[in-house]
Amino acid sequence: MKRLSPSPSLDAFMSISQPKEEKSSKKHQIYTKEFQAMLDGLDEEDSLEEGGQATEKKRRLSMHQVKALEKNFDMGNKLEPKRKVKLAEELGLQPRQVAIWFQNRRARWKTKVLEKDYAMLKANYDALKLDHDNLEKEKLGLITMVSVYISNPIF
């Protein structure tokens, strides 16, 4: 596929409108300055995160807070607004943090319940499949016995 090059008139315009220092860097520049600056900023963020020096540290809940939230979750996995505000005040958290924790905990709980149900259903299926296979073998044995008896009567 043939690459399209800019028109000569565009090149002439670009050479007139650019300062001299930008003309020399234009040969090596692929993106606009704004886009390149954004890319450079992303590279800096990536290197900071990889180096373990993220600009904003992710806050974790303390063991006390987690235990209190778990205890409240065991009492009920739905959170009324009054209970959310009270719990947030007691634990020194924002009500939104408490709401999100409950939402995430419900998602984990649901996954565990589904895994447990799947394991039980699979075990039941495997037992039924084994019983079915054994009955099929027994059926084939009986059919074979009957056909041998009919083809070779004892009397």
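Yeah, the Cβs are placed from backbone N, Cα and C, and that goes for glycine too.
The structure displayed is predicted, hence computed values, not measured ones.
Summarising the annotation, TrEMBL assigns region 'Disordered' to 1-28 (among others).
Here TrEMBL flags 42-61 (among others) as region 'Disordered'.
Feature annotation from TrEMBL assigns domain 'Homeobox' to 52-112. The DSSP breakdown of the domain 'Homeobox' (52-112) into helical (H, G, I), extended (E, B) and coil residues amounts to 42 helix, 0 strand, 19 coil.
Over the DNA-binding region (54-113) the predicted model carries a mean pLDDT of 91. The DNA-binding region feature in TrEMBL is assigned to 54-113.
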